[in-house]
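In what follows, a single structure is set out as C-alpha cells and then discussed.
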Amino acid sequence: MNMKNERREREDKGGNTMTTNQAGWKIDNSYSRLPTIFYSQQKPTPVKSPEVVIFNESLAEELGLNPEALQDDEGAAIFGGNEIPEGGTPLAQAYAGHQFGHFTMLGDGRAVLLGEQITPDGERFDIQLKGSGRTPYSRGGDGRAGLGPMLREFIISEAMVGLGIPTTRSLAVTTTGEQIIRETMQTGAILTRVAASHLRVGTFQFAANWGKTEDLRALADYAIERHYPEVDGQENRYLSFLKKVIKRQAALIAKWQHVGFIHGVMNTDNMTISGESIDYGPCAFMDTYDPATVFSSIDRDGRYAYGNQPYIGGWNLSRFAEALLPLLHEDEDEAVKLAEEALSEFPEIFEAEFISGMRLKLGIFNEEKEDKSLISDLLNLMNEHKADFTNTFKALTFDQLEGSEMFQAVDFTKWHGKWQERLERQEQSKDDVHELMRDNNPGVIPRNHRVEEALNAAVNGDLSVMVKLLEVLANPFEHSAEQAEYCKPAPSTARPYRTFCGT
Ligand code: AMP
Ligand code: MG
C-alpha cells in the first residue's frame, strides 16, 4: 500500500490528514466526553516542513507504537501536526491557575491533546503536541515553541525518568520549518508530550470558577476514574480523592528535594492531579547546596526557591482543596473543616517522605527518632561549606572524603562519627549500606552547563552531544568510570546559572 497516496486522498479542509494505522495508534478520547466547557475542539495548525529531530524509540515501544512506521515523513507529519493519528479528535484544554500567586484564566495556548493512546498493557496516556499553533486560549501568544526549549524539556523529563521520579515524558521533538520570533529569531519546534493525563490543579480551579457544580463533579469523577479508582465507592470519595492527591504531591516534591530539582514555576496550572512533574520551563538542578537557590530569572522573590518547594506544594494543594469544597460536603462550614483537616496533614506527610528518602541516601535501613537531626545537621554543614549537593552524597557513598573543603572541617568529622555510629546500630552490613546508597544517590544529574552544551550543539545541527548526555542520564545510578566527566560541577565561569521563561 502506498501510504503517501492514501494520505493525500484523505486530506481534509483544515490541511490536516488522517493517517492509516501501521504505526500502532490505539486512541481513545475520554477527555472529550467531559462537559464541553473543559475544552475547545482544536486541530494543530499545519506547518511548512516538519522534521523529527529526536525520537524516543523506547517510549514509543512502551506505548505500543511502531517506531519504524513513525520514521521519516510519516512521523514528521504527525508530530508536526500536519496529520492526525487515526482515532484522534484534537482539542485544547481549558484551565486556570495561580501564576506567582495571581489567579488567571489560562488553557492550552500552544498545545493540543491529540487523544489518549491505550498501551498494550491497557494503560492510558495523553499524547499532546506542545507548540502546535494558536488556540482559543492563546491570548496574545503565537501558539508556537522554540527548538531549544523543547529539547530542554526532552532532556530534563527523560532525566527525571532515569532518576525514578514521576514525570510527563517526551516522545519526539519536531522542527516546523518555520521561524518564531522571541528575543531573537528561533527555529520553531513541537514537542510530543506523553502524560498520565494533563489534569491540573488549575483544571479544578477553572471548574470551580467557571463551571456548575455538576461540571466540577464530572471532572472529579473523571480524575478519580483515571488516577485514583481505589477511592470509588468510599463514603466521601471526594475527600479521599483530595487526600490521595495530597499524598502523591508530597511524595513527588520529596523526590525533587532528594535530587536537588528546582521546578522554577510551580504555578497551580503546572501541578498535576496524577502526581507527575510537568512543564519543564525554567527548571534546573541545584549544584551547590543552598535552600535559597533560584535559577529562574523571573522568580525575583524566590517564591519557587529549592527550600520553598514543599511550602508552595502545600499552598497549591490548598487552592485544589478550595476548588473541591462544593463536593466535600453540602454544608460549606463542614466542607471547609474537612478540607482543612486534610491539608493539615501535608507537612507531616511531606516530612515523612523526605526523611525516608534521605535515610536511603545515607544508607539507613530502619528508623530512629534522631535521624531527622542527623540529616539536617549534614544539610546545614553542606550549606555552610557551599558543598555540591549531588557530589557530597556520591562522596559519602564511595567513602571518598578528600576533595571537598567540607570534609576537612572538624564539625564534619564529628557528624561523620555520629553517622558511622548510626550505621553500626543497624544489623545490615557495610556492603548492604553501600549498595543502598549507590541505588539512591545519583552520580549524574543534568548539570546546567552540560544541558547548555548539548542544547547549543543541537540547535546548531549537531545532536550527538545531546544523545550522549541522554544516554548517561538514563542510568544515573550506574556510577561507571565513563560517566565521571558528567559528575563534575560547572566551572565558575558558567555561574551563576540563569533560566528564562521565554520559551
Ligand atoms: P507555561 O508558562 O508554559 O506554563 O504557560 C503558561 C500559559 O501560557 C499556558 O496557558 C500556555 O498555554 C500559555 N503560553 C505559553 N507560551 C505561549 C505561546 N507562545 N502562545 C500561546 N500561549 C502560550
Ligand atoms: Mg504550564
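Cβ coordinates come from backbone N, Cα and C, glycine included.
On a predicted model such as this, the values are computed, not experimentally measured, just so you know.
Matching ASP28, ASP279, ASP287, ASP290 to the ATP binding residues that TrEMBL gives (GLY107, GLY109, ARG110, LYS130, ASP142, GLY143, ARG193, ARG200) identifies ASP279.
Of the listed binding-site residues, namely ARG110, ARG193, the sparsest CB environment within 10 A is found at ARG110. Of all residue pairs in GLY107, GLY109, ARG110, LYS130, ASP142, GLY143, ARG193, ARG200, ASP279, the annotated binders of ATP, the farthest apart have Cα atoms separated by 23 Å.
Ligand 2 lies within reach of none of the binding-site residues GLY107, ARG110, ASP142, ARG193, judged by a C-beta closer than 6 angstroms to any of its atoms. Summarising the environment of ASP142 (ATP binding site), the number of other Cβ atoms within 10 Å of its Cβ, over all protein chains shown, is 15.
According to DSSP, ASP142 (ATP binding site) sits in a coil region rather than a helix or strand. Per Cα geometry, GLY107 is the residue among the binding-site residues GLY107, ARG110, ARG193 nearest to ASP269 (active site, proton acceptor).
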